[in-house]
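To start, the structure under review is shown below, and the notes come after it.
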Amino acid sequence: MLDAHTDANAHATVKPGEGRLAHAAPDHPPVPRARIGVLLANLGTPDNYDYWSMRRYLNEFLSDRRVIDYSPLFWQPLLQLVILTKRPFTSGANYKSIWNHDKGESPLMTITKDQTAAIAAQMQESFGDQVIVDFCMRYGNPSTESKVRALVEQGCEKILFFPLYPQYAGATTATANDQFFRALMKEKWQPASRTVPPYFEHPLYIQALTQSVRRVWDAMEEKPEVLVTSYHGVPKRYLLEGDPYHCQCQKTSRLLRESLGWEKDKVVTTFQSRFGSEEWLKPYTVEEVARLAESGVKRIAVVAPAFSADCIETLEEINEEIRESFEHAGGEQFTYIPCLNDDAAHIAALSAVIRENLQGWIG
Ligand SMILES: C=CC1=C(C)c2cc3[nH]c(cc4nc(cc5[nH]c(cc1n2)c(C)c5CCC(=O)O)C(CCC(=O)O)=C4C)c(C)c3C=C
Ligand SMILES: [Fe+2]
Ligand SMILES: [Fe+2]
């Protein structure tokens, strides 16, 4: 039987067994076998930690109005003339302290590659060559546009776009989707597309988080008294304007706590990475860990459920700055629980989310 391509282009033929057009008519472009693409998307990361790499990356990131929604007339002069003259140096130094020097890339990049390879292996097992798995970044490289192009070139007539953020935020999920839609606008033969909704309630994601906390707890002789969940913050105004991120973070903490079987006061929800002078979601992690220490709590563990991969915000901000805040205020034992990264339970959870969202496209 002819496949969908040859039905649509009846004057072209497929070589049996190869699934590709062996020879198209001279006035017809080659048409690859129809496939499905799964495109994982994360935030992005600088190509290097030098001033210009940092400036390029931060400029793209901080010019995104989904991230910072001030009028460009006000924001762009401030960004170009003040923030981007200083921040590339300080952020560059932070990136240098966590850089994967062996591979010449940031941890977020290395981990995203590992996640992609592990998920690709799972999809290969379920669907063979029919599904192609790849990843892209919202800012920097590899760009969303280049990866959509590559998938279309490989014959993907359908693309499932998966922003790797368990909780929805306009500043992350929506802007990743916007970039995907912009890329689709450039395709002559536009693939059918779906975007994966937030998965913070997925039982396998909660289970993976639970296991990661339990693993650390079980390995410790002196158990932490409190588990601090630290989510990346956003301006409080975004919540008031209807962004569900805050509620989805609160619910994630509750589901994790219930799954651990712990009392309410053993898990504290906080928000990190405040930027600028506006009020952000509270309590701020850096202040809350100091408050805990001042109130007599000696041992805490911190987990960051909003990050699917360890990155500057976890490895540097939590494990260095926030740790320092706790210890400075009298805390004695600070344990950082790594992100789910390419943990087998995480890969199983993400693969389950993908399979569920492929339903109707593939058996
Ligand atoms: C300035 C506003 C910012 C908002 C709003 C914001 C939301 C937000 N970000 C993440 C996840 C990540 N952010 C990362 C880095 C990062 N974030 C901001 C600013 C905002 N983020 C900056 C300026 C930076 C760069 C680092 C720095 O200069 O401090 C990263 C890490 C990237 C890496 O390469 O390691 C992630 C991941 C979420 C989930 C979120 C809102 C929900
Ligand atoms: Fe951020
Ligand atoms: Fe809320």
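Note that the numbers count up from 1, one per residue, in the order the chain is shown.
Each Cβ is built from the backbone N, Cα and C atoms, and glycine gets one as well.
TrEMBL does not curate its annotations; it predicts them automatically.
Taken from TrEMBL, the feature Fe(2+) binding site covers HIS232, GLU313. Counting every protein chain shown, 26 other Cβ atoms lie within 10 Å of the Cβ of HIS232 (Fe(2+) binding site). HIS232 (Fe(2+) binding site) carries a strand DSSP state (E or B).
Among the features that TrEMBL reports, region 'Disordered' is placed at 1-29.
Here the Cβ of GLU313 (Fe(2+) binding site) has 19 other Cβ atoms within 10 Å, regardless of which shown protein chain they belong to.
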